[in-house]
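Listed in TrEMBL:
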type	residues	note
SIGNAL	1-20	signal peptide
DOMAIN	33-139	domain 'MD-2-related lipid-recognition'
Amino acid sequence: MKSFLNLIIVLLTVLSTINAFPHLLQKRVTKTIFSVCYDGSNLPIPPVNLKLNPDPIESEKSAHFKFSGTLQEDITDASRLRITFFDNDHNPIPDTTIIDICKKVECPIKAGDEFNLDQDVDAPKLPDSYNFVVEVWTQPAPPLEVIGCIAGYVPDSF
């Protein structure tokens, strides 16, 4: 009986130790955390849907961005899509990507109509934890008008 009790204690100790290992081995989160963007008046900007591959984006590697959404403003020849990465102190990381939407899809896209855009983007050198913003904006004249946006956050390794 005493040896059986010792065996149970040893087995429980081993199982507890094994159960703790996956938490120690986990290096990165498996998904980007997305949130809406806000304008200068603290009002939400219409969201853009975004799917990433890989998710999260890997430093200095190509990533596939799949954008979609239904915006409240027309997408015209003056519309652009901008991807900007930031460190945790909100400093921009060089190599902002700007995409001429109408060179990728047929324009104009009327307000209320769904748009879809696929684009491969080369990620800059990224820290372990970073933020990024994807904006759809028009540029007929300054100031730029952001008509769609999504923000992403990748937390530091655990």
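Counting starts with 1 at the first residue shown.
From the backbone N, Cα and C atoms, a Cβ is placed for every residue, glycine too.
Helix, strand and coil content of the domain 'MD-2-related lipid-recognition' (33-139), in residues and according to DSSP, is 3 helix, 57 strand, 47 coil. This prediction places the mean pLDDT of the domain 'MD-2-related lipid-recognition' (33-139) at 94.
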